[in-house]
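The annotation compositional bias 'Pro residues' is assigned in TrEMBL to 77-102. Per TrEMBL, the feature compositional bias 'Low complexity' maps to 137-151, 213-225. Feature annotation from TrEMBL assigns compositional bias 'Gly residues' to 199-212. Residues annotated as domain 'Zinc finger Sec23/Sec24-type' in TrEMBL: 339-375. The annotation domain 'Sec23/Sec24 trunk' is assigned in TrEMBL to 416-656. Under the heading domain 'Sec23/Sec24 beta-sandwich', TrEMBL lists 661-745. For 757-856, the entry in TrEMBL reads domain 'Sec23/Sec24 helical'. The domain 'Gelsolin-like' annotation in TrEMBL covers 877-949. Per TrEMBL, region 'Disordered' is recorded for 62-239.
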Amino acid sequence: MSQQGYVAAPPYSQAQPGMGGYQGGFGASPAQPLYGHYGGPPQAFAAPPTGKKLLLLCPMQSPPPPTSSVIQQPFQTSPPPAMGQPQMPPGPQLPHMSPPQSPLASMQMSGPPMSGPPMSGPPMSGHPMSGPPMSGPPMSGHPMSGHPMSGQPMSGPLMSGQPMSGQPMSGQPMAGPPMSGPPMAGMGRPFPGPPPSGPGGFQQPGQFGGHMAGPQPGMPGAFPGAPGGLAGPPQKKLDPDSIPSITQVIEDDQVKRGGQVYSTNIRGQVPPLVTTDFTVQDQGNASPRFMRCTTYSLPSTADLAKQCQVPLAAIIKPFANLPKNETPLYVVNHGETGPIRCNRCKAYMCPYMQFIDGGRRYQCGFCNCVNEVPVFFFQHLDHMGRRADFYERPELSLGSYEFVATLDYCKNNKLPNPPAYIFMIDVSYNNIKSGLVKLICDELKTLLENLPRYISAINVGFVTYNKVLHFYNVKSALAQPQMMVVSDTAEMFVPLLDGFLVNYQESKAVIYNLLDQIPDMFAETNESETVFVPVIQAGVEAFKAAECSGKLFIFQSSMPTAEAPGKLKNRDDKKLVNTEKEKTLFQPQKGVYEQLSKECVAQGCCVDLFLFPSQYMDIATMADVPSHTGGSVYKYNNFQVETDGEHFLRDLRKDVQKSIGFDAIMRVRTSTGFRATEFFGAVHMNNTTDVEMAAVDCDKAMTVEFKHDDALSEETGALMQCALLYTTVNGQRRLRVHNLSLNCSSQLSELYKSCETDSLINFFAKSACRAILNQPLKNVREILVNQTAHMLACYRKNCASPSAASQLILPDAMKVFPVYMNSLMKTAPLVGSTELSTDDRAHQRLLLMGMGVEDTQLLLYPRLTPLHNVDVNVEAQPAPVRCSEERLTDSGMFLLENGHSMFLWLGQASPPELIQSIFNLPSLAHLQGHMCALPELDNPLSNKVRSFIDGLIEKRPNSMKLNIVRQKDKPEMLFRQFLVEDKGLHGGASYMDFLCYVHREIRQLLT
């Protein structure tokens, strides 16, 4: 009955001082911790109130509860129950209650549990703690085959001390001060906090889950400095290899499911990880490339959902790119009748419709309404009740497909015109001087020439601007382009209709002429002020006049300070960091910007912003329009053509060429019992159900949260349908439909078994990024930790095999969740540090809001790949290692990338032959700074490393600039902040410390 548990009996109750933690801590844990997700209903666990009061806002929309400081209960190293022993908890427990947990170093023991000697002595800064390292008890009795014998060192956790057998002894807890709150950055002294209370010792056998208390005051080990009983030998830190590793989880999934065909014909099946290479075969549910869920088995009631606190959400990427070996979506055309829909709930025809009455009627899977089948759509049923044309109709047999939309689905009931692209170039002094304007003009010639065939129908237009706007007439009949200037930026209008938006191929000669002239025309400029809002207004007006949707590409290098609507002033204030008012740094300026977003969405005008700042630009405000219109924001600090030019051009090419739909509106329908309540993404919401996007491209994802209305049926499961109405780049109006079916269960263990950590962290990242707009960061971080502890405590309490409270037990599907959560709290938006630029923090917040699951996964756990020992003779890519300084070697070369930044790190003892074959230099000392690409050398190692780097840049949505850093050089600090398992540079705990902290919170909840 007792399945393997992911068990760690930690000797790591105290964070090692000097390894530090969260700046200012997460604050204390509330007396009645109200763990709810943002805005969720509070749910209380009773905890003993003590000590000082702090005001913390826990749920995002409720008054602050009274809270108390954390009571630290010293950890006591106690073993798991003997695996496979008939030790049942009191009361019946069904075998399927216990989802798989992953054992630490897959330890399995036989024989009764025992307890090892504890540790003693308050950990002091810089001193190792004393006592044997134990991450689980030594084994006794007969080991399972393949496992080391008792007393021998184990391949997994470090073990020392005598193995003992027999009943659990009441081991002496370690001495050392209790902690009130998490490890704090840079504190070397013992942590303050009230002493624990209650009788010491373990619970007796049989009393699993009993109350665990620390030592009584007066007993050894109760207060800092008290003598500890049974001090063991000096203790090493817990072996980092013994705690769950993301690289291991990724590798295991790749071994187990990589290279396979994943068929989507089973309801509620959990797909392979986003990092695994697999091929999808659509057989009735949408591919995980389009939709992923936080769990594929929903709790059947609202009470269960509330109990476990696992958010129920789907991450939808409606335009995701499919690999070449997967079938593109079929397009269904029903002519003038248009798509078939349920009369009551308006869901589109899909595999979840049940045909009855000989095929003359169908019952909707979403609302159960019975509908007549239109005459043209009628088909007989076979002996299974299935239509004879089941496999011929995509909308009956596939999870994803498209319908051609009729006039009813078009604006003003007329077919749309093809979209247009307008390039709007800031020609102020900075951009001319840096060479940016010439770079853009030269690139646009080749870029427009090489547009993919599917977007060649697009019309293009050109605007340059500083304090005034210049429009260009590039009609094919002209010999020379004509320029028209609009200097009244308060009342924006487009001075010409005919000749502004043109077909590139027809007007190629005039456009070439124009792009050659622009850099020369403004070469002598000394105008440094720019406008911004009028530029976007001009684009919207142009699209209105042409009755089309489209995209604006705006290249801007400074804050708009010229007199015009949307003029901004510097509001950057580092004094607000870590105060109640810090949220204002992330909030956009209201007024004209808000109105402009609405106008853009209404017209289907998407804004992509390329920023080249040399100082504060107020990105929170300037990027507000792109972030509500499905646009992207690219940022190149202190841009220099030599070092950043190629990086920018790669981004521009990817951006212009990516597959995209315009003037889109999306709705998510669900079967009865639950519904979509929250939407996160680069979108605009006019009402509570319709997600409006001026455009949606292949990299943008919406995260949708679901809540229960009623109980769900385990028999029928839960269905969702995402329908997206949009205009193709060729001007065709279409409906794209993605369907997904999930299981429902009244067993929480099923929910935990079907969880997807990568989707969960995407949800938490987006909800936290939204929350920091109206809450202090400290509260947001606290809610994140509380909810992490709550989800894991609920699993421990309801699903895990019984074991001592001192063990950390994690659900197998969520065992690396704490790594991601800790990393999320160290991201620029969530870490309150005055060393980070406000613009960088605002930019990353907006990036996160539009990200899909694979993007957040990589951002929060960068790939660190050793390249010094790659085998040049094999095709396979080198395997990544854990993202920690401990994995670096002085003689190694490592590549780190997270989808936005890329570093090649060189150890100070890199062998000369390695440097010679990669850089063509005799030694590391000869390497000059500011190299941003590797030289093309004709040797196997150079070829392999360059093709590896190029492959990554090609695969990621954004281009990345290669930064080459040497060990111990100053730029190395920048690289180190991406080693997310280590202590954060700007505050934030190491993974190990965070795990201890979460474990303590879990124990607090369980007692």
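Quick reminder: no glycine exception, Cβ is built from N, Cα and C everywhere.
Unlike curated records, TrEMBL annotations are generated automatically.
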The recorded stretch from 339-375, 757-856, 877-949 sharing the largest number of CB pairs under 8 A with the domain 'Sec23/Sec24 trunk' (416-656) is 757-856
Same-chain residues at least 6 beyond the ends of the domain 'Zinc finger Sec23/Sec24-type' (339-375) with a Cβ under 8 Å from one of its Cβ atoms are 284, 332, 381, 385-387, 395-399, 403, 405, 669-672, 716, 719, 721, 723, 735, 737, 739, 741
For the domain 'Sec23/Sec24 beta-sandwich' (661-745), the DSSP residue counts stand at 0 helix, 56 strand, 29 coil
Secondary structure of the domain 'Gelsolin-like' (877-949) by DSSP, residue by residue, totals 24 helix, 11 strand, 38 coil
